[in-house]
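According to TrEMBL, the protein has these features:
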| type | residues | note |
| --- | --- | --- |
| COMPBIAS | A:1-13 | compositional bias 'Basic and acidic residues' |
| REGION | A:1-27 | region 'Disordered' |
| TRANSMEM | A:53-73 | transmembrane segment |
| TRANSMEM | A:85-105 | transmembrane segment |
| TRANSMEM | A:126-157 | transmembrane segment |
| TRANSMEM | A:169-193 | transmembrane segment |
| TRANSMEM | A:200-217 | transmembrane segment |
| TRANSMEM | A:250-270 | transmembrane segment |
C-alpha cells in the first residue's frame, strides 16, 4: 500500500503538472497505512519505556489498589468475599483496560496539543482520522500488555485460576474497551477545545466502575451502556469458560453494536470539537 | 474575492509599487506554490470580535524563499495556520500547488509541512533519528526506504554525530535543528518555518541559513520563514512580506525594499566653511548628527534627489569642499520598524483598500544612479 492520500489527488494536482517554474518534483510516497501504524505503535511504546518510573508506577498502582481491596475485603467479609473473587478480578482487569484506553487516548491528545505536535499529526497526507485510529490501536495494544501483567499478579496473589481463552477474551475485551476509547476521544476533543477538563475526565473514570458492574441480565436496557455488555460477557467467558461462538448472536450483536457505536460517536464528536478548535484557532494552543 | 494576489518578487517590475494587494499577479493559482486570495479571519463576535487578518492576498512561486514579518498581533500566525488548514478562515482561497487546502487537505499535505513550535515540534524522549523516521512515516514514507536521504539531511544539518542521542539531551540550538530536520524528513516541497534560528549560536545560525538557501536552490523547496531575526530574513529570503494589523503592507524583494530606503539620507563630510555657513545650511536643510571640528564639517541630511543637489549647490556657495558623500542605508530592521509603526508612510496609504504605495525607489536615488547600492 502506498501513497496515503494518493487516491485523493486530482490529475494535474502536482506542481509539475501546473507547468510552473519549479525544479521541484512530486514527493515520492514510499509508505502507506502499515508504516503509519507501525510508526505510531513503536513511538507509543518507546515513549512509554523511556518514562520507566511512570510505566512501573502505573503497573504497581494497579496491583496495589487490587491488593488493598483483596486483603481489606477478606478481612472484613472473609469467605463471602473470597467466593466472589473471580468476578472481582475480571471486573478489575476490565476496569484497568478501560481506564488505560480511555485515559490513554485522552492524555495522548492533550499532551500532543500542549507539547505542540498535535498540529503535525493533523497535517499528514493520511488525514487526521487514520492517525487517531493508529494512536488508538497503539494505546489499546499497550494497555493490554500492562493490564495482562496486573491480571497475572492478581491471580498469583489470590491463588485464583480463570479461563483465559484468548480467542474469546481478546475480541470481547477489545470490543468492550472500544466504548471507553470512544469516551476518551470525546474527552480528548473537549480538552483540545477547552484545555483543562481534568476534573470531569477523572470523574468519568469512577463511572466506569458502575458501567462494568451494571446488572445487564436484570435491567435489559443497561446492556446498551458503554462497557456493560462486554463486561457481562467477559465474566462468563473467563469465569464460566463460555467460548465466543457459544454466545447467542443477539448478545454478540449488541456487543459489536454498542462498541462500534460508542467508538463512532466518540470519533464524530472528536471531529466536531477539532473542527470547532480550528474555527477558534486553538487547535495547537494550550 | 475581487482582487488577485500580489505579484511575487521574481517578476517584479521596477515601477511596481511595494505594496501587496495591488497590481496584476505574476502567478496564477496553479503556478504558485502558495496562493492566498482574500483571506479573512475574525475571532470572537460582537464587541469582543478581533480581526486577525483582513483581505490578505499573496502568491509565492515554487522555489522562492519568502520572509513573513510583522509585529506581534500582525496576523502572521493566523495567516500561516490558515494556509496550513489549522485555522478555518472566514473567507478566502488558499491553495498549495494548486490544491485547495481547505477543500482537499490530504492532497495538499502531500506537499506542505511546518515548524510552528520551534524545538517543541518533535519528541524529546526519542532520538534524533527516531524522530526523523517517525515524522517521515506519518507523512507517507517508508522510513527504511528514505534512510539514505535522512542521513544526508543529518549531515547537512551537522546532526549526524548526535543521530542516536535523545533530543532532550541536546542543546537548544541542536533541538531547533532536529525540529527542522523532522519537517524536512517527509519529502515536502513547501515548508513554513517559524523562527528557525531561535536559540542558535552565530555559527549554527549561519550554517542553517546556508542550508536553507541550498534546499531552496537545489531541491526547489519553497520556504516561508517567519522570524524576528532580520539578518536571517535578509540573508535567506528572496522576498519579504510585512504584515501589520492583519494586512499585508509590504510585499517586495529584499533588495528593492532596502534600495527603496537608501535615499532617506546622506552622510556628508566637507572641508572649509564657517559657523555662518553651517547655520544657513541648518536653517535650510534637515541636518542631523552635525560635527564641526576645525576645518572639518560632518553631518547627515534627509534628502531626496532634488534636495541633495540643492544642498551641494548651497555648500559650494559657502565655499565648502565636499570630501565624501555616503548614503545612509537602513537595514531590514529599520525598514521593518518604519513600515509597521504607523507613523512613517513611505508613499501613502490608500484609504480605500489600505494598501501602501510608493514610488519605485531606483528611479529617484542618486546612489542608485551611481550604482552605489550595497
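If you go along the chain as it appears here, the first residue is 1 and each next one adds 1.
Every residue gets a Cβ built from N, Cα and C, even glycine.
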- Item | Stretch in A:53-73, A:85-105, A:126-157, A:169-193, A:200-217 most in contact with the transmembrane segment (A:250-270), if contact is a CB pair under 8 A | A:169-193
- Message: Contact between the transmembrane segment (A:85-105) and the transmembrane segment (A:200-217) is defined here as three or more C-beta pairs under 8 Å separated by at least 6 residues; is that satisfied?
- Response: yes
- Query: Which of A:85-105, A:126-157, A:169-193 shares the most C-beta pairs under 8 angstroms with the transmembrane segment (A:53-73)?
  - Reply: A:126-157
